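Structure first, then comments.
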Amino acid sequence: MEGSLVQSAIAPTIYRRSGTARFRVRARATMMRTMPTRTLTLGGFQGLRQTNFLDSRSVIKRDFGSIVASQISRPRGLGSRGVVRAMFERFTEKAIKVIMLAQEEARRLGHNFVGTEQILLGLIGEGTGIAAKVLKSMGINLKDARVEVEKIIGRGSGFVAVEIPFTPRAKRVLELSLEEARQLGHNYIGSEHLLLGLLREGEGVAARVLESLGADPNNIRTQVIRMVGESTEAVGAGVGGGSSGQKMPTLEEYGTNLTKLAEEGKLDPVVGRQDQIERVTQILGRRTKNNPCLIGEPGVGKTAIAEGLAQRISNGDVPETIEGKKVITLDMGLLVAGTKYRGEFEERLKKLMEEIKQNDDIILFIDEVHTLIGAGAAEGAIDAANILKPALARGELQCIGATTLDEYRKHIEKDPALERRFQPVKVPEPTVDETIQILRGLRERYELHHKLRYTDDSLIAAAQLSYQYISDRFLPDKAIDLIDEAGSRVRLRHAQLPDEAKELDKELRQVTKDKNEAVRGQDFEKAGELRDREMELKAQITAIIDKSKEMVKAETESGEVGPLVTEADIQHIVSSWTGIPVEKVSSDESDRLLKMEETLHTRIIGQDEAVKAISRAIRRARVGLKNPNRPIASFIFSGPTGVGKSELAKALAAYYFGSEEAMIRLDMSEFMERHTVSKLIGSPPGYVGYTEGGQLTEAVRRRPYTVVLFDEIEKAHPDVFNMMLQILEDGRLTDSKGRTVDFKNTLLIMTSNVGSSVIEKGGRKIGFDLDYDEKDTSYNRIKSLVTEELKQYFRPEFLNRLDEMIVFRQLTKLEVKEIADIMLKEVFDRLKAKDIDLQVTEKFRDRVVDEGYNPSYGARPLRRAIMRLLEDSLAEKMLAGEVKEGDSAIVDVDSEGKVIVLNGGSGVPEPLAPALSV
């Protein structure tokens with residue numbers, strides 16, 4: 001009883017702490033081992049009860065090893081307990097967890113023992129160890145194993161002592177696991193060794209369970225040995241085979257042999273990069289400091305160069321200096337992982353270096369070599385870089401590093417002692433033509449993976465479109481990603497059910513639903529009929545799918561092309577990534593582009609020159625005739641206030657880009673002071689807002705295909721114009737973090753009131769007045785005068801980069817009347833939402849135009865006139881209850897010029913139909 005209580009209380013505690021304070025647990029167990037167990041004695045009541053957990057908590061301290069050892073050693077006497085305890089001190093956390101899960105399984109089944117079957121269930125239930133992974137890969141899961149165990153041995157009586165002994169066969173398994181660990185050269189016992197011991201035992205319930213689940217013990221053993229890095233032959237000799245340890249256990253645990261992968265054909269082919277591979281080979285042939293460091297932007301193919309070297313070595317296409325060598329890539333994350341105590345990381349690294357020194361044919365490849373700086377460093381410890389420095393300098397360690405330019409500058413250049421040990425090899429971004437060759441080399445691998453074909457045009461389009469439209473990444477990485485995703489898209493599209501199978505599948509779901517309802521309603525005759533129909537539908541669907549598969553197979557075997565990835569698929573992926581339409585122009589879109597002027601004129605009255613210029617620019621860009629290194633177009637709209645400069649930009653955004661919100665609008669009156677200019681590209685380092693990015697650059701990075709409106713450009717600080725020079729000329733701008741933002745797919749519109757005084761005068765000279773009939777001559781004169789004013793205000797290098805300077809005309813009274821119709825229609829639409837039908841008379845419309853027409857102020861006075869004459873009068877009537885929901889109202893002007901609102905009745909002039917947009 002006493003021992004039972006101690007086990008149930010202490011064993012889980014030891015297990016929980018073993019992960020973080022293993023040394024402390026062992027020390028405590030050693031110290032407490034000799035302390036006696038006392039029984040509670042009371043005067044007159046001797047032997048009333050034994051000590052329970054609460055009585056003995058401060059006295060009894062037992063570790064996991066002593067608890068399990070007591071169960072194993074009990075039949076053999078006390079002599080062997082020290083040996084068994086020593087064995088259990090070698091158990092890893094996962095092995096301890098397996099034993100404890102085995103005890104839990106015994107309790108669950110109501111058994112008073114832990115046998116081989118419970119150990120097997122514990123191995124499966126642990127879930128993360130090598131043993132669990134191997135069993136899972138063999139298709140063995142915990143649920144099925146539990147069912148088989150219950151079939152074979154059944155359930156127990158239900159009463160289980162807290163202290164559960166091991167069966168003799170289970171003890172034998174634990175002893176065999178120790179032998180397996182010794183044969184593998186391991187000084188610990190993990191879950192994999194327990195599984196090998198279980199397989200070595202070969203008899204018992206666990207073996208029967210594995211047999212009934214269809215698992216082959218030899219296959220399981222082979223898989224376990226492969227996963228722990230040992231070949232089958234090394235352990236195949238069994239018990240008498242001796243212990244032939246690994247030659248390079250640390251390297252095989254923390255590294256991957258690229259040369260072996262190249263021999264097995266598991267690496268992608270490396271196309272080009274001959275110069276870089278030759279330079280790496282030259283540096284590796286040096287006597288000292290023979291450590292090349294590949295430096296390049298992310299995605300240009302630095303790792304591929306190391307793989308290319310491994311492929312050359314496996315093919316024998318290398319000079320004798322590195323012939324027969326192995327390229328092993330080191331996983332720094334795995335090397336650091338799990339080093340809880342001081343010195344563990346350094347010990348691993350020193351073992352690694354010793355193994356490399358003993359084997360002259362090892363070339364170490366460290367991807368992201370900057371992770372050496374600071375790796376494993378703690379208070380008072382030295383990092384990996386400083387441990388490796390002496391070996392790197394003396395040539396004892398051949399190492400290829402790879403890192404980006406930024407990381408090299410940030411980490412390695414700061415440490416000159418480390419920098420001099422590495423010889424930099426620059427890896428430039430390949431050109432578009434080189435990228436096309438790389439894609440052709442990789443084509444076969446991606447065709448096999450996606451089970452389709454790539455056309456030559458699709459590969460060329462991937463290289464060209466990724467270079468043109470995806471500006472924040474590098475070739476060939478972005479082009480490879482394009483063909484990969486396009487292949488996935490085409491495969492998914494062809495993997496869908498045929499149309500006839502879809503219809504049958506829909507009917508099948510309905511039949512299944514009806515059958516279940518019939519069963520619930522106990523209408524078994526109907527349920528039987530529906531079941532027959534269900535089976536018939538399933539057979540039909542299977543036949544259709546098999547037929548389509550056979551057709552595809554026949555096409556493939558006959559040499560006919562299966563699913564094809566075309567240029568259109570690549571264009572679709574680029575559009576989905578960037579939001580820039582790069583697909584071929586459809587017939588519907590052609591009509592929209594050709595009728596663009598008409599559509600824009602429904603919102604913009606007059607201003608033909610501006611509308612035509614905008615439409616021409618969009619058409620030019622959409623068919624691909626624009627200069628690829630400049631923005632779509634850049635305009636400056638100059639003219640008096642209220643004539644539609646900003647409205648035209650809004651109309652364009654709403655019509656072509658989807659909504660007015662698709663436009664990036666910057667009010668330049670916010671950038672009047674010098675210190676506010678930095679808001680466009682982001683605050684410099686050390687200032688508030690540095691991490692947030694610029695208002696302009698961040699907006700364009702998120703939406704590269706849009707209209708950018710710089711409203712009231714003349715109000716901005718002159719430094720803004722200096723910043724805009726490179727946007728207008730090269731279509732690019734660098735933000736405060738050094739990232740290049742691409743403006744090549746933006747339409748830049750700047751509005752200005754410069755020259756409005758000249759326009760107001762109508763271009764008249766002293767003593768001359770031009771008639772309205774001569775408006776074209778007048779407009780040309782006004783345009784030249786406004787251009788002169790713009791030249792006086794803006795620098796010539798700024799104006800010279802603009803595509804066009806468009807001068808807006810003043811609005812005539814007729815145009816103001818058309819604008820009034822548009823504004824009145826907006827009011828009608830708002831009232832329709834309130835279920836009120838509104839009409840206005842011709843008199844009222846004339847009154848609005850008379851009050852709202854002012855050539856100097858454009859259409860804005862019209863808005864105020866409608867607000868005062870119509871909205872105010874109507875609001876009063878609605879509040880007074882004279883106009884309610886469901887009513888129709890007519891707005892008119894009486895003989896005195898006052899506005900009157902009438903419920904749609906008689907005695908009023910014939911109303912004007914609601915104003916429609918023209």
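Just so you know, glycine gets a Cβ as well, placed from its N, Cα and C.
Copied over from Swiss-Prot:
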- 88-230: domain 'Clp R' (DOMAIN)
- 91-156: region 'Repeat 1' (REGION)
- 166-230: region 'Repeat 2' (REGION)
- 251-498: region 'I' (REGION)
- 296-303, 639-646: ATP binding site (BINDING)
- 505-540: domain 'UVR' (DOMAIN)
- 565-756: region 'II' (REGION)
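Long-range Cβ contacts of Thr641 (ATP binding site) within its own chain (separation 6+, distance under 8 Å): Asn753, Ser756, Tyr857, Gly858, Arg860.
Neighbour counts of Cβ atoms within 10 Å were taken for the binding-site residues Gly296, Pro298, Gly639; the minimum is at Pro298. Within the model, the region 'Repeat 1' (91-156) shows a mean pLDDT value of 80, rounded to a whole number. Listed binding-site residues: Lys302, Lys645. The one with the lowest count of other Cβ atoms within 10 Å of its Cβ is Lys302.
Ranking the binding-site residues Val300, Val643 by C-beta neighbours within 10 Å puts Val643 at the top. Helix, strand and coil counts under DSSP for the region 'Repeat 2' (166-230) come to 46 helix, 2 strand, 17 coil. Under DSSP, Lys302 (ATP binding site) is assigned to a helix (H, G or I) in the three-state scheme. Across the range of the region 'Repeat 1' (91-156), the DSSP-based residue counts are 48 helix, 2 strand, 16 coil. Residue counts for the domain 'UVR' (505-540) under DSSP, split into helix (H, G, I), strand (E, B) and coil, are 33 helix, 0 strand, 3 coil. For the recorded site, Thr641 (ATP binding site), the DSSP three-state label reads coil.
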